Amino acid sequence: MGARASVLTGGKLDQWEKIYLRPGGKKKYMMKHLVWASRELERFACNPGLMDTAEGCAQLLRQLEPALKTGSEGLRSLFNTLAVLYCVHNNIKVQNTQEALEKLREKMKAEQKEPEPEQAAGAAAAPESSISRNYPLVQNAQGQMVHQPLSPRTLNAWVKVVEEKAFNPEVIPMFMALSEGATPQDLNTMLNTVGGHQAAMQMLKEVINEEAAEWDRGHPVHMGPIPPGQVREPRGSDIAGTTSTLAEQVAWMTANPPVPVGDIYRRWIVLGLNKIVRMYSPASILDIKQGPKETFRDYVDRFYKTLRAEQATQEVKNWMTETLLVQNANPDCKNILRALGPGASLEEMMTACQGVGGPAHKARVLAEAMTQAQTATSVFMQRGNFKGIRKTIKCFNCGKEGHLARNCKAPRKKGCWKCGQEGHQMKDCRSGERQFFREGLASLQREARKFPPDNNKERANSPSNRELWVSGGEDHTGDREGRKGEDRELSVPTLNFPQITLWQRPILTVKIGGEIKEALLDTGADDTVIEEIQLEGKWKPKMIGGIGGFIKVKQYDNVIIEIQGKKAVGTVLVGPTPVNIIGRNFLTQIGCTLNFPISPIETIPVKLKPGMDGPRVKQWPLTEEKIKALTEICTEMEKEGKISRIGPENPYNTPIFAIKKKDSTKWRKLVDFRELNKRTQDFWEVQLGIPHPAGLKKKKSVTVLDVGDAYFSCPLDENFRKYTAFTIPSVNNETPGIRYQYNVLPQGWKGSPAIFQSTMTKILEPFRKNNPELVIYQYMDDLYVGSDLEITQHREAVERLRSHLLTWGFTTPDKKHQKEPPFLWMGYELHPDKWTVQTIQLPEKDTWTVNDIQQLVGKLNWASQIYPGIKVKQLCKLIRGAKALTEVVTLTREAELELAENREILKEPVHGAYYNPDKELIAEIQKQGQGQWTYQIYQDLHKNLKTGKYAKMRSTHTNDIRQLTEVVQKVALESIVIWGKTPKFRLPVQKEVWETWWTEYWQATWIPDWEFVNTPPLVKLWYQLETEPISGAETYYVDGAANRETKLGKAGFVTDRGRQKVTSISETTNQQAELQAVLMALQDAGQEVNIVTDSQYVLGIIHSQPDKSESELVNQIIEELIKKERIYLSWVPAHKGIGGNEQIDKLVSTGIRKVLFLDGIDKAQEEHERYHSNWKAMASDFNLPPIVAKEIVASCDKCQLKGEAIHGQINCSPGVWQLDCTHLEGKIILVAVHVASGYLEAEVIPAETGQETAYFILKLAGRWPVKVIHTDNGSNFTSATVKAACWWANIQQEFGIPYNPQSQGAVESMNKELKKIIGQIRDQAEHLKTAVQMAVFIHNFKRKGGIGGYTAGERIIDIIATDIQTTKLQTQILKVQNFRVYYRDSREPTWKGPAKLLWKGEGAVVIQDNGDIKVVPRRKAKIIRDYGKQMAGDGCVASGQDESQDME
């Protein structure tokens, strides 16, 4: 492809590079345009080699021209490029692309006027112009139309389009362009090449079948034979190419008159592609809205792209364009578009909205005003760009020459851009001269405002209130004295200063050399530049870098400028500037500064949880000294703007109290935000853990900073502040309490950490980009700054960081600014080449409480990350169970020994190394015994990066290899978090042992790289189970049973050799009895044994090959297993009549299991234990008397708490469902109830969003006929996504009454029922989502009651089946009523009627005649359709009508 760059050489290449892309533009054609064109030609299935000659270019242009109307912008650009190349080959001189296209059109017209003789002859031979001249049908030398197969390039281009565009709207015009003139066979070839998209092709196939059937209905086949020489008429399947040959297709397309089967088939395919595009691009045109920061051009692009995918008529699309395009624009653009008036063209809209980007436009202005650069940023232009005469351009917005409206710096104007009036467009303007709507601002209306006395507080409250201050000036309001001596926060000037808010451009009226002008105060500009002003004195010529390049200006020195009553003398430049600018050379003289409140950061919006209100917790009494301390603290906080006083209109309250700080006489204010935290929305933690020093790279220079008053520097959402209200009471209720609310993030509120972290990240992001040489670790208010710079450069960079943070209101106190090692950071101690944890002192105590042990274990866990060998298992055993914090515990001998060992380990300081990315990570694991493990991660031997321990027993019964795999997983995860990769493992286990375990028992696919290290004690499997029965060994059938009430049980075995043994046990359970039976069998058996059990519990324990357990009984079984040479364990289902199992079952059940004279009781009890079915379901399924079934429910400890659920039914339509979200265990459960039947669908969803809810609704609609859904007014249910899903599935959505649970009665009661069932079976499932599905199953199929005594599952099926039958019957009735009956009475021979047919049977019909219902034999009745009023009698229709032809 690169060879295409040599299309032009020598002089022609020079000529090519002199041609402009656009008239009046700056860019010219370059070599890269030729390379691009050759690649595009390959995409459009054309030969790039044709570009080398003029004739080739002409062929390509003829090929591409028919597709221009439907083609994309890329196709037009390619055509334009080839047109210019054609002119260069033919030495036609052109200046730009437009001229090349005009020359090409002239040449084509000339060729049409003077056709060549051969062309004329060809035209005479084939006069019909409708025949396709494009491929694949071409005319041979004899004048016949022959088929030319599609080229591989065309097919390749089509495949690329589908793969790259993935069925977005652009696929349709590309298909039209590539399939021009194709036959149905060619079109099928194109479709077959993208057969991988089976779903799309199936949809396309369905559309084609429907269109083919419609064609057949509209074009019936003519009867009789086809005349000789005439082609048969195509059927729908012929057009689709399935039942027609290529020759027939060509004949139809070239006949006279032609039948364009190719074009018809293309239309069908386009209909199908429209449907596919709609599916693959599900965004509705209603959802396309302009973002607040989105440019109008991008919004229009998205709008029309989505509009192309909409399946609607052109009239509807026109209406969408006229209404929705303006309606869904952002407020800034909407104002401009409405000012243009109705009927404005898209071009006028695009022109008017150039450069407008909502808040982005404001942000650009703000950024411009905040720029503090010391030197001007000049934009230099290439000198070559001044060659030649260029057409001058004029701005629509300000009327000045030299720039376009989108680059205009002047304020954007509303209304007509010619006269300034609103209500008409510029094209309709009748005014002759321009008037600019900003002229009214020339007077001094923009008077400086004064702050109210408490404005300091207000500025802290509103982070959006950024101000430009002019210091020390006279106030135009007349109050020249001002307020002196008042306290100022963050060096804010005295309150009589004028202010100019920066939410609009700071344009003021100024006096320059006696003339009044409007000018922009620009703190980012060095110089002051004014346009069209006559100043006295001499001037010097000067060139400055301005907007759009260099501009020539006149420099006047010692000019007097008056701004807001302040005078200054300096240099003024006069020249063609788009907007008058007052630069820093004058602003610094008058003391103009940029000032910020506490935080210029945008607040993050916060809401309460749906349906909840703020906290209303009463303030508890406080002592006098605490009230005094809180009053002082709050007074200081109010001065600083962190809190504000509020009145009685705020109904919310949170209690506060005070505690003394550690080792201090000062008090600390605490707010009990527990109730507010429950009611506040959930937040996503921005940072999932704390950074670890082992992951730090070694740096030459390091600094540690701390952000002071971190939370109090971040503003709280204004709408949320009222919920943080608190009250300081008075002693003996002497006066009403003083009420405050927070303006900043409060300590103890659940949202503060996440919002602060997010805010700090946004603030540091630009600094990180501008200073890539610095590594900044940020966790809450701790900052680690490292670099490889020299110490002086590093400290300069740190000072820049501190200044950057201060700009945003974050201070970094000197007392916590650590410049020299060791650095104390995040509980660690950092040295230049090593790290350790901060010094740990273990307390010496005679008596230990639970709280003491908890703190001790916390310290040891912290130390274990660098001190290898730390153990805490025995200490943790001391505080198992629910114990009070102050309860005294006695150290066991093992715990004392463990603590003594840990003290010894901590005596010698241990240090960790820093991470080197160039070296390999190695993790070594050792077994310490008693289920405890230790590990080290290092790169160089004896220089650990990090150490750790592991002592978890994830299951009651485990073995060393399972624990080792858990340690490996923990270390791998830890390594990924800290270093982003997994280490190579060195494990104390032999390859054979490890591989045996992994292949036989471990269900996992990921195995890390590891090698064997011979570090005793080695891990091994102590016994192994056989996978097949052992021939010749005795087989033991084991079983156990226990009575729940008496706790008495039996365990025993029966062998295949006739031996048996049964033992009675006290204080046992079924599971313990089953284990006891296995132990008895193992103790009785020889070295080889087969054991058969019916207990999945026993099978699960022994199959996991444990070598240790917390159960003494299981430990005894393990000892017996180790003694055996070979063991085979098998499971059989209970109560299925299996010989040995049934025999032992009867033996151990005697006198243990209850017998209530009915065989089904055991099964019912077993089912109830599993599903907690209600008594009606058990009585029905197991044929139990109601009293017995109720006794089973009553004896269940989980079902007797709240009694039996009351079932009732609401008489509703079969298609009505109620949906609601409920919460359990911190998770969200979306519940749907079929109101008529009580049938339940529920699912745990990851988030309460519209997307998840819509997906659930679509799944529900795919399973059941859903006509109406009834929901509350939650944000997820009212979202556009849910509305779109309901629209697509044709579901009507209804909403309940806000905060009224009765309007959602069915689903609300079902929420309680579902939670109750989950509570009964929760211990059977590990995850909540499993428990939810189990509870749904139980409710739908294991609980009977309500209408019909059905389960909910049976009831919904019955209701739907009945509804279908009723509908069908109703249809039949309506069909029957379309007939009329003429009948004869037995006594009279004349025909009577017509009567209304009510029912038609085999031997008689039921009719209604004049209100009387009669039964008439079929032989005396004639049934006919109701064709209107007929006369009965001789020769009437009734006498000759055959009913069998009219009615089935």
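In case you wondered, yes, glycine gets a Cβ from its N, Cα and C as well.
Annotated features, as they stand in Swiss-Prot:
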type	residues	note
MOTIF	16-22	motif 'Nuclear export signal'
MOTIF	26-32	motif 'Nuclear localization signal'
REGION	107-129	region 'Disordered'
SITE	G224, P225	site 'Cis/trans isomerization of proline peptide bond'
REGION	446-490	region 'Disordered'
ACT_SITE	D522	active site, for protease activity
BINDING	D706, D781, D782	Mg(2+) 1 binding site
REGION	823-831	region 'RT 'primer grip''
MOTIF	994-1010	motif 'Tryptophan repeat motif'
DOMAIN	1030-1153	domain 'RNase H type-1'
BINDING	D1039, E1074, D1094, D1145	Mg(2+) 2 binding site
DNA_BIND	1379-1426	DNA-binding region
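Feature map: annotations from Swiss-Prot on the structure.
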residue: P225; record: site 'Cis/trans isomerization of proline peptide bond'; contacts (Cβ under 8 Å, 6+ apart): none
residue: D706; record: Mg(2+) 1 binding site; contacts (Cβ under 8 Å, 6+ apart): D781, D782, L783, T812, P813, K816, H817
residue: D1039; record: Mg(2+) 2 binding site; contacts (Cβ under 8 Å, 6+ apart): A1051, G1052, F1053, E1074, A1077, T1093, D1094, S1095, N1141, I1144, D1145, L1147, V1148
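Counting other C-beta atoms within 10 Å of each candidate's C-beta, the binding-site residues E1074, D1094, D1145 are led by E1074. D1145 (Mg(2+) 2 binding site) carries a helical DSSP state (H, G or I).
Neighbour count (other Cβ atoms within 10 Å of the Cβ, all protein chains): 19 for D782 (Mg(2+) 1 binding site). Shown are the recorded positions D522, D781; the one with the most C-beta atoms within 10 angstroms of its own C-beta is D522. Model confidence over the motif 'Nuclear localization signal' (26-32) stands at 87, taken as the mean pLDDT rounded to a whole number.
In terms of DSSP helix, strand and coil, the motif 'Nuclear export signal' (16-22) has 1 helix, 1 strand, 5 coil. Taking DSSP states H, G and I as helix and E and B as strand, the domain 'RNase H type-1' (1030-1153) has 46 helix, 36 strand, 42 coil. The residue listed as 'active site, for protease activity' carries neither a helix nor a strand DSSP state and counts as coil. Note: the region 'RT 'primer grip'' (823-831) comprises 0 helix, 6 strand, 3 coil (DSSP; helix = H, G, I, strand = E, B). When the DNA-binding region (1379-1426) is classified with DSSP, helix, strand and coil residues number 3 helix, 33 strand, 12 coil.
Secondary structure from DSSP puts D782 (Mg(2+) 1 binding site) in a beta strand.
Helix, strand and coil residue tallies for the motif 'Nuclear localization signal' (26-32), in that order: 2 helix, 1 strand, 4 coil [DSSP]. Shown in sequence order, L705, V707, A710, Y779, M780, L783, K816 are the same-chain residues outside D706, D781, D782 whose Cβ sits within 8 Å of the Cβ centre of the Mg(2+) 1 site. Mapped onto three states, the DSSP output places P225 (site 'Cis/trans isomerization of proline peptide bond') in coil.
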